[in-house]
Every structure is written in C-alpha cells, then in structure tokens.
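Asker: This is the structure I have questions about; it appears just below.
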Amino acid sequence: MVEPFLGTWKLVSSENFEDYMKELGVNFAARNMAGLVKPTVTISVDGKMMTIRTESSFQDTKISFKLGEEFDETTADNRKVKSTITLENGSMIHVQKWLGKETTIKRKIVDEKMVVECKMNNIVSTRIYEKV
C-alpha cells in the first residue's frame with residue numbers, strides 16, 4: 001500500500017549521513033554540500049508508475065518506476081545503478097546495485113513521519129522527514 005508515502009516530505013533530521021555517503025564513495029566536497037541541504041521529497045503515483053522527486057539547493061533528481069521492476073537510475077552523486085523498489089511489510093525498499101556494490105534505502109512511516117534508513121555494508125544513516 002503506497003498511500004501513506006504519497007505527498008511532499010521535508011527533511012527534519014539526519015544521523016550518520018556523511019559516513020553513509022563516504023561508504024558510497026562520494027567525494028569530500030559533494031559530501032559537505034549534501035550534508036548541508038534539507039531536501040524536499042515528493043512521492044506520487046499515476047496508475048502503476050510511481051515517481052520520487054527530490055529537490056534541494058544542491059541538486060534535483062527524479063525517478064519513475066513500477067514496483068518490483070528493475071530500472072536504470074542515475075543517483076544524485078552520479079552513480080549509474082540498477083534499482084528495484086518494492087513494498088514489504090509496510091516499508092518501501094529501494095535496492096541500488098552497481099559495480100558489484102549494493103545499498104538499500106528503506107522508507108517507512110512512523111508516527112506520521114517518513115523514516116528513511118540508508119544502509120551500505122555496516123554503515124547505517126537515518127533521515128527523518130515530516131509531511132509538508
């Protein structure tokens with residue numbers, strides 16, 4: 001059920017995001033810039049197609065996809081990845097794979113907030129968004 005995720009969300013807190021970006025291989029300058037911004041995320045659905053648009057003063061990104069189907073994604077840090085997004089137990093699970101590496105971005109709704117857990121290897125970052 002995607003309905004709880006739909007709408008526009010603003011980042012209100014972030015924990016361990018720089019370490020996560022470092023694990024991804026994001027360079028120092030880009031990590032510093034990305035760490036300062038408070039992005040707005042809009043999640044929408046049109047039929048079977050979902051869209052996640054992320055907007056910030058650093059960079060805007062947009063992905064459109066069908067749940068459970070692999071798609072090509074260029075990330076904000078310019079990685080070319082194969083992504084798959086699924087719904088599992090009330091969470092939206094976004095898996096990115098590239099060059100033998102993998103990261104998982106898990107979105108879930110907790111107390112009307114969107115909690116985003118970004119994990120790569122043993123590094124976990126938690127980012128919390130409130131609905132606008």
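Counting starts with 1 at the first residue shown.
In case you wondered, yes, glycine gets a Cβ from its N, Cα and C as well.
Okay, these came from Swiss-Prot:
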MOD_RES   Ser13  phosphoserine
MOD_RES   Ser14  phosphoserine
MOD_RES   Ser44  phosphoserine
MOD_RES   Ser91  phosphoserine
Asker: How many whole Å apart are the CA atoms of Ser44 (phosphoserine) and Ser91 (phosphoserine)?
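Answerer: So the Cα of Ser91 (phosphoserine) lies 16 Å away from that of Ser44 (phosphoserine).
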Asker: Among the modified residues Ser13, Ser91, which residue has the fewest other Cβ atoms within 10 Å of its own Cβ?
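Answerer: Checked Ser13, Ser91; of these modified residues, fewest Cβ neighbours within 10 Å: Ser13.
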Asker: Across all protein chains in the structure, which of the modified residues Ser14, Ser44 has the highest Cβ count within 10 Å?
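Answerer: Ranked by Cβ atoms within 10 Å, first place goes to Ser14.
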Asker: Taking DSSP three-state, what's Ser14 (phosphoserine) in: helix, strand or coil?
Answerer: strand
Asker: Can you tell me how far the Cα of Ser14 (phosphoserine) sits from the Cα of Ser91 (phosphoserine), in Å?
Answerer: 19
Asker: How big is the Cα-to-Cα gap, in Å, between Ser91 (phosphoserine) and Ser13 (phosphoserine)?
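Answerer: For Ser91 (phosphoserine) versus Ser13 (phosphoserine), the Cα atoms are 19 Å apart.
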